[in-house]
Amino acid sequence: MKNFADLGLEPKVLQAITELGFEEATPIQAQSIPIAMSGRDMIGQAQTGTGKTAAFGIPLINKISKDTDKIVALVMTPTRELAIQVAEEIGKLTRFKGIGSLPIYGGQDIGRQIRALKKKPQIIIGTPGRLLDHINRKTIRLDDVETVILDEADEMLDMGFMEDIQSILKLVPDERQTMLFSATMPPNIQKLAQQFLKNPEHVSVVPKQVSAPLIDQAYIEVPERQKFEALCRLIDMESPELAIVFGRTKRRVDELSEALQKRGYSADGLHGDLSQNQRDTVMRKFRDGSIDVLVATDVAARGLDVSGVTHVVNFDLPQDPESYVHRIGRTGRAGKEGTAWSFVTPREIDHLHLIERVTRHRITRKPLPTLAEAIEGKQRIIAERLLETIESGELNEYKGLAIQLLEQYDSVQLLSGAMKMLTGEKRDSEIQLTPEDPIRVKRRYNNGKPDLRNGRKPSGNYGGFRGGNSGGGGRGGYNRDRDNNGGRGGYNRSNSSGGGRSDSSYRDSGDRKPRTNSGEGRRPSKRDDSYNS
Ligand code: ADP
Ligand code: MG
């Protein structure tokens, strides 16, 4: 049972989950939520980044009645940053239900916290030290608390909060539900659990060790708001035959595939909200090569078996190492080589190292492709296509005009003009993606608000062709269908290895994609600089 909708949550909570963009419960969530909802005590163990906050937050919010004005739930966290972070997530989850929550931590003016407490929040998320402070001042009473959560319990104990936690827990009524979450389970946690939890159910999600050796793995450190530009450059530079780009949420997938289309790439998105019919259409287009960038969520891509995927891009890092392995396993199939790129925001570097440790595979750091490399990549493809055409095609009908033009113009100039035309100008459509929060691993970071500035670019001018189309339709009007051009003479020379990939994406003037889909021909000279003008 992985679907949030199957968990028997009330609609307002479900709505909040949808709003957060969570598509599916993570393993720890799928296991914890039913137990938490049954009212039992529990211990949940899973590594960082696996969604433990929502694992306790969702059932907690589901359980609390909005009519009470007492403190009925207490969440303890080790640090101020974590208290804020958990409070933020709880805040988002309570949005539609209208329950109050408040973070309480040291370092903030206590008077201000006392004023906020007068608004009668039902959920307190606090660090042990400051909580005790309020308890002693009688500004917080725990007499009505029905649920206690010890979050990141191992870190709390590491930080020396054992005694504080014990003192606090003794003040909470015995008739309560206690849940403990931790990434690791050292003996002192077990001791704490024995003392304060009643016959707890244990849930643990241990990552499997897996690796995929034929895949070349690299990462690029890039700020959230520059990810889109980085993706465009990467695609230009690498010109993948078939790429899968992974986004964290459905919203991300929608926005990203639309943005890529706007920039002139043949891309489409796949996520769990699409009907079977829509999914089939997207997959068919991807398989036959009429789109060559598939943007997908983990869920949508699961079990997806397409041969010939040359590149996987983790536009957002996955939650857990296992999905990382799953994702990159979409490429490098059947003994073929594949490349996996991951975008890592500065705050997520630790999470990347965690993935490296678990997968026991080093992920090489690469610089962000430069604009020059992106352009070079595009031009290389154009040159390859040009040479392919010369080698394969019957060119006689063009030769007369070619000779005439050469009498008037310089050959280098003519050829450059032709290549420029084929490359197409970059469409600098303004792209704004909703930023995703970084995946957090180490809590020492200052987890401020996510950067809300978007990757806004100055919008350049691009001549009057249409914006990207969002589906298969709408292309017809501009169709210069080269496939009909005698079949073999055009740019889409069909060849044996490219079977089934005859190009339908490279057709209308709106699709100035600087590459061929014919599969063969550009591979041998991928790094051949001799084409560069
Ligand atoms: P942990 O406490 O296990 O380290 P968090 O609860 O902090 O992990 O979650 C890490 C990130 O994953 C957060 O940004 C959170 O919003 C996100 N997240 C949690 N559950 C899901 C889900 N089901 N789908 C997608 N993202 C999720
Ligand atoms: Mg956590």
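The backbone N, Cα and C atoms fix where each Cβ goes, glycine too.
Those TrEMBL annotations? Automatic predictions, nothing curated.
Residues or ranges marked as domain 'DEAD-box RNA helicase Q' in TrEMBL: 2-30. Helix first, then strand, then coil: DSSP counts for the domain 'DEAD-box RNA helicase Q' (2-30) stand at 18 helix, 0 strand, 11 coil.
Long-range contacts of the motif 'Q motif' (2-30) within its own chain (CB-CB distance under 8 A, at least 6 residues past either end) are made by residues 37, 44, 46, 50-52, 54-55, 58, 61-62, 92-97, 203, 205, 248-252, 271-272, 297-299, 319-320. Here TrEMBL flags 2-30 as motif 'Q motif'.
Look at TrEMBL and you will find 33-203 tagged as domain 'Helicase ATP-binding'.
Residues or ranges marked as domain 'Helicase C-terminal' by TrEMBL: 214-376.
Annotation source TrEMBL lists region 'Disordered' at 429-533.
According to TrEMBL, the feature compositional bias 'Gly residues' maps to 461-477.
Summarising the annotation, TrEMBL assigns compositional bias 'Basic and acidic residues' to 504-533.
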The average per-residue pLDDT within the domain 'DEAD-box RNA helicase Q' (2-30) comes out at 92
